[in-house]
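Taken straight from TrEMBL:
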TRANSMEM  A:9-28  transmembrane segment
TRANSMEM  A:63-80  transmembrane segment
TRANSMEM  A:86-108  transmembrane segment
TRANSMEM  A:115-134  transmembrane segment
TRANSMEM  A:146-168  transmembrane segment
TRANSMEM  A:199-217  transmembrane segment
TRANSMEM  A:247-270  transmembrane segment
TRANSMEM  A:282-306  transmembrane segment
Amino acid sequence: MTARKEKIVLPLIAVLLGFVLGSLIVKLTGRSPLSMYAAIIKGFSGIDILNGQPINTRYIGEFVIQAMPIILTGLSFAFASRTGLFSIGAEGQLMIGSISATAVALLLEAPKGIHLPLVLLAGILGGALWGAIPGLLKARYNVHEVVVTIMMNYIALHFNNFVILHLFGSADRVKTAPFPTTALLKSPFLESITRNSRLNWGFIPVILALLIFSFIINKTTFGYSLRAVGYNKEAARYAGMKVSRNIVASMAIAGAFAGLAGAVITVGTFNFGRVIQSAEGYGFDGIAVALVGGNEATGILLAGMLFGGLKAAQPLMQSQGIPREIAGIIQASIVLFVAMKYGIKMVIDKFERKQAPSTEGDRV
Amino acid sequence: MSYIVEMFHITKDFPGIRANDDITLQIEERSIHALLGENGAGKSTLMSILFGLYQPDGGSIRVRGKEVKISDPNVATSLGIGMVHQHFKLVHNFTVTENIILGMEPHKGPVIDIRTAEQKVEEISRLYGLAVDPRAKIEDISVSMQQRVEILKMLYRDAEILIFDEPTAVLTPQEIHELMQIMRRLVEEGKTILLITHKLKEIKEVADVCTVLRRGKFVGTVPVADTDEEKMAEMMVGRQVSFHVEKMPAKPGDELLRIEQLNVKNLKGVLGVKNLSLTVRAGEVLGLCGIDGNGQTELVQAVTGLCKIESGKIYLKDKDITHLSIKERTDRGLGHIPEDRQKHGLVLDFTMGENFIIHNYYEKPFANFGILNKKAIFENAERLIQEFDVRSGQGAMTPARAMSGGNQQKAIVAREIDRSPDVFVVVQPTRGLDVGAIEYIHKRIIEERDKNKAIFLVSLELDEIMDVSDRIAVIYNGEIVGIVDAAATNENELGLMMSGALRKTRSTPHPAHEAVHA
Ligand SMILES: Nc1ncnc2c1ncn2[C@@H]1O[C@H](COP(=O)(O)OP(=O)(O)OP(=O)(O)O)[C@@H](O)[C@H]1O
Ligand SMILES: [Mg+2]
């Protein structure tokens, strides 16, 4: 296989194997895989194949809502990854993005055209700042980013809750007062075409983020130097690149993507700042999305939609009598199969050789 | 006489290139069979096929007369085939024995029986005169010892057919000599050796038969006794090769690089360079020779800014660069061909085009307002590939990882020479290159000299140092023990100085200097 073909074929096979494993488990628990697929299809498209009902657009809206934040946290993980960093910090950066957005939403009064962009910007900056800290510690003192980002997730969680409860004053001890409408991504239009789903304008910043990610990494000199550092730090140093500065910048930008996710959730899905009991899993979902998406924008978009759809299908599966955890198992096994890509590749190569013993093996 | 290995009509394609094209090779038992060919001729590929790392697209293989299908290295091992790769594959914080038994650990109940393994390693080591300490950690032993660990790994697995891919590229002349003896000993004990090397001298010295490849095709197999270095070179390159550098006497000008009283610590934390002073002038090549590990690496890294110094001064064109960053030194006209091509020289996952712009990716024409100009990058790469004859499957778009070792080296040399720096630190520029490429690179280095640049050449190859340099400085134990005129010295004198037995005093720091810069 060529490298190009590999990048597309291997994740697809992993996805397939993930679903096969999921079906097997459903079968083992004595339920019908068919109803699982029916639930998943409904989660993605709103089409109810069991009862032959036409498209219910509400489901599409809900599925997009699920996909948006994990695409962004996926971009976050992937960006750090491209610089050779393993950032577990998206979860916390997202919370800081969320609390920053909350602050600007509550404290500022301005027309929508100004207020909303500032809210999103606050989320981005909050996340970037939170991301820059582990970057700095790594660059200056060589403290491993995995440890720091994990710890900072906890700090973010409690910081978020402290601010919500004590600074913005929560009446019911779980959320702030509702935001003014000028700060919201909500759109009556989008809601009306999706039968009152929570779909909002949040997908626009998500698409922009995807484009910006791809542009920075592939087209700019900055992206070039990030990739150089990521692939071979010593060679980058030899070439005179500022390795430390790149590490900080990369972590900050990774944080910015996650922070944006926080803002999109806060002023899109919700319309108030809220107390968070424990990590909500956006960070880990992002890692899964980035791994399956091969750390590239297109892949992340597709993987994000896949996992978003699986999330959206969970309640539907439950109503079919299938444990909602199955969706998690499918997601986890897809990631596992992606991690096993070398094994899969070996099997395919063997298979291909048997098929074509000609002289044309690796030709493109 | 019987053939232990036969490869018939082997063909192997990579994207854009046929690496092996209908190659037939027959290896006699208990012989040393050399494989010779230009960079990218397909030697490593052919041997990787024999070792089961690649599958041929056509052809067949027989081992001991029986047709076999070597689908992976485990099959090769069970057939008694072993391989020492150009870049070793050892676990650095494991001991010698742990590395050797990796994957086939002997057990005593549920635990690994390291004792027995150590004894066996010791025995094999003694039998072949390898002198390896089974309990030493890999990170603590020299490159040549690591290579012997790789040899032991093969022998421990009862390999009888031993493949060596450019084993001498990383060794000093003395170590090469020892390796040749080890090879002879191996053959005496009944082993068969396949040896890839670019050094014709070594083939002449140790091999029985030599097979030549050119651009993936078989050229011929000759008994080494019936041929000489010139003939072999001609067979592989297809033209006559001059082994000596044609050059006019140097016309040295201003001092462009001045090193004063330099002290540098090595990785072990002791002084690797001691009170060292040197100058390189415009229009001359100053060669630095010495036995590996006598401070060359520390000196080069200090000058180029890769490592910190303890004390001393470094001047570039009379400007103090002692505390400048790598980038600032580069911008002021310092160039550097690094010693370790895979660590410093290349980003293996970048394409060739991307690798060529690593110093100036942010400058015009490669970038405009921070945005890369793919077309300019591509054209630059095609030009360098053309000029330096860098061979690969997909030209500018080839990932560096997919290039042959020698062509990776050529790419680095091309990139650095093309920048034409005023002060050029050149370390092992021709490591792993074929004789034709060496001839060309030497010519280009002399051309740089004649453009009035200062060349500081560091090499473990005495021939290269004596051929290319105008003056030769000898380093021993972190100190310069003498500077001699290249035309007026010989291997003997240099050898004595390199081993610390002879000093030519002129280079020891004079008190006057100290007074000025104290
Ligand atoms: N894994 C690979 N993928 C793509 N192309 C490859 C790969 N390995 C080798 N090639 C190509 O095959 C050709 C032969 O490479 P090979 O490594 O066998 O050369 P070689 O004779 O060992 O050269 P050298 O003396 O430089 O080591 C080269 O042009 C190289 O670019
Ligand atoms: Mg090779």
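Cβ atoms here come from the backbone N, Cα and C positions, even for glycine.
The stretches the transmembrane segment (A:115-134) and the transmembrane segment (A:9-28) are not in mutual contact, being linked by fewer than three Cβ pairs under 8 Å (pairs 6 or more apart in sequence). Between the transmembrane segment (A:282-306) and the stretches A:9-28, A:63-80, A:86-108, A:199-217, Cβ pairs under 8 Å are most numerous for A:63-80. If you look at the transmembrane segment (A:199-217) against the transmembrane segment (A:86-108), you find fewer than three C-beta pairs under 8 angstroms, all six or more positions apart, and that falls short of contact. For the transmembrane segment (A:146-168), the neighbouring stretch richest in Cβ pairs under 8 Å, chosen from A:9-28, A:63-80, A:86-108, A:247-270, is A:86-108. Listed as Cβ neighbours of the transmembrane segment (A:247-270) (distance under 8 Å, sequence separation of 6 or more from its ends, same chain) are residues 65, 68-70, 72-73, 75-77, 79-80, 82-83, 85, 87, 89-91, 93-102, 105, 116, 119-120, 122-132, 134-136, 138-139, 145, 175, 179, 183-186, 198, 200-202, 205-206, 209, 213, 216, 222, 226, 229, 282-283, 286.
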